[in-house]
Amino acid sequence: MKVLVINCGSSSLKYQLIDMENESVLAKGICERIGAEGSVLTHKPAGKDKFVTEQPMPDHSVAVKLVIDALQDPEHGVIESADEITAIGHRVLHAGTVYSDATLVTEDVKKVVRDCFDLGPLHNPANLIGIEACEKAMPGKPNVAVFDTAFGMNMPQKAAMYAIPYEYYEKYSIRRYGFHGTSHMFVSGETVKLLGKDDAKVIVCHIGNGASISASIGGKCVDTSMGLTPLEGLIMGTRSGDVDPAVLQFICNHEHISVDEMLNILNKKSGLLGLSGVSSDLRDVVKAAGEENERAKLALEAYVYRIVKYIGAYAAAMNGVDAIVFTAGVGENSVPIRENVCKSLGYLGVELDKKKNENVSGDTAIISSDDSKVKVIVLPTNEELAIARETVKLV
Ligand SMILES: Nc1ncnc2c1ncn2[C@@H]1O[C@H](COP(=O)(O)OP(=O)(O)O)[C@@H](O)[C@H]1O
Ligand SMILES: CC(=O)OP(=O)(O)O
Ligand SMILES: [Mg+2]
């Protein structure tokens, strides 16, 4: 059975075609800069050279079409026809309290995803376009929605509730949901297996462009840093993470902007980009800091500091921690971020092995010293495989 997994982000589309007989990736790739100048598709068929093409992609539906064409291309394709695809699994950000377990896409599911646009303004619209483009391009094939909220949905009430009048929870289900759930579930589950300890206390730092951190015991969520929307918590590429809500009122009043405009600023112009003034991409900020750009240095210090604070809070929440795991674009690749985070964790009994940290090569690696009380691990996330597994269960 071949499953196509589609992960639509705000300006990108990541995909994998997976043969579920042996979970081998037949092809994977990414469409970047969707909706902007210079859209590009990078397609990597297994065992063949990668194929890169710059093509206009005004929206995600065009990107889906290009992906399906690339998969069937006589030269760099891996299937003869889209008929070979049994089902499509989609990462979907938010469906409130209505759906959080993986489900077959129906008209009602699409309606709920649409109703939640304001809770996931960067993701939900793209997710829905991705689903509808697949329905159109491959009529009759089952589409499965795998929700980013599945992991956080089960956190205890004391962690999920905001201390605001209870009626807003009753009326509108205003609570903390948490996101990157597919990743936190996959990575914490793999860590429990790696440690061989069923009740392992694990902190997962999913640090990519979006970033969140979770605490779990035996793979079950205790707490996670994103809230009602993916804006709460860590400092991200363009998102502020935690701010005093009174900041919104002050800036709206003084700059004469609406709350919607302010939220757009917190989502798209803040974080590493806003603080450094350089870029939302960590690599650019690290480079600028190396060239003595003071704001870039400050942005990095604040970025690391926020992660350190959350790790401390989550170790306290679980009354201990067995492993701290780094994953996603930054977590898997940035030697200095991992090193600087671990520098402040000596009090927990964390001892990083500098050499091991520098020699991580794309696979799972333990980067703490043999004597470290807490294991520090780099474990590549695989949201696409986890989504494909959920998809298979439903078709
Ligand atoms: N080699 C690297 N070193 C440091 N950071 C990296 C490296 N590769 C990617 N990143 C960071 O990872 C981020 C993207 O992470 P990713 O998990 O792909 O994010 P998302 O899924 O949210 O788009 C980039 O913005 C970049 O800052
Ligand atoms: C939830 C979220 O922030 O996702 P991403 O990192 O893909 O933007
Ligand atoms: Mg991601």
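Yeah, the Cβs are placed from backbone N, Cα and C, and that goes for glycine too.
Straight from TrEMBL, the features:
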- Asp148: active site, proton donor/acceptor (ACT_SITE)
- Asn7, Glu383: Mg(2+) binding site (BINDING)
- Lys14, His206, Ile207, Gly208, Asn209, Gly210, Asp281, Leu282, Arg283, Gly329, Val330, Gly331, Glu332, Asn333: ATP binding site (BINDING)
- Arg91: substrate binding site (BINDING)
- His180: site 'Transition state stabilizer' (SITE)
- Arg239: site 'Transition state stabilizer' (SITE)
Nonlocal residues around Asn209 (ATP binding site), in sequence order (Cβ under 8 Å, 6 or more apart): Gly9, Met236, Gly237, Thr238, Ser280, Asp281, Gly329
Sparsest Cβ surroundings (other CB atoms within 10 Å) among the recorded positions Arg91, His180, Arg239, Arg283: Arg283
Length of the line joining the Cα atoms of Arg239 (site 'Transition state stabilizer') and Ile207 (ATP binding site), in Å: 12
Among the ATP-binding set Lys14, His206, Ile207, Gly208, Asn209, Gly210, Asp281, Leu282, Arg283, Gly329, Val330, Gly331, Glu332, Asn333, as the record gives it, the longest Cα-Cα distance in Å: 20
DSSP three-state assignment (helix, strand or coil) for Asn7 (Mg(2+) binding site): strand
Binding-site residues whose CB lies under 6 angstroms from ligand 1, from Ile207, Asn209, Asp281, Arg283, Val330: Asn209, Asp281, Arg283, Val330
Cα separation, Arg91 (substrate binding site) to Val330 (ATP binding site) (Å, whole number): 20
Site with most surrounding Cβ atoms, counting all protein chains shown within 10 Å, from the binding-site residues Ile207, Val330: Ile207
In three-state DSSP terms, the structure that Asp148 (active site, proton donor/acceptor) belongs to: coil
Where Arg91 (substrate binding site) sits in the secondary structure, as DSSP reduces it to three classes: strand
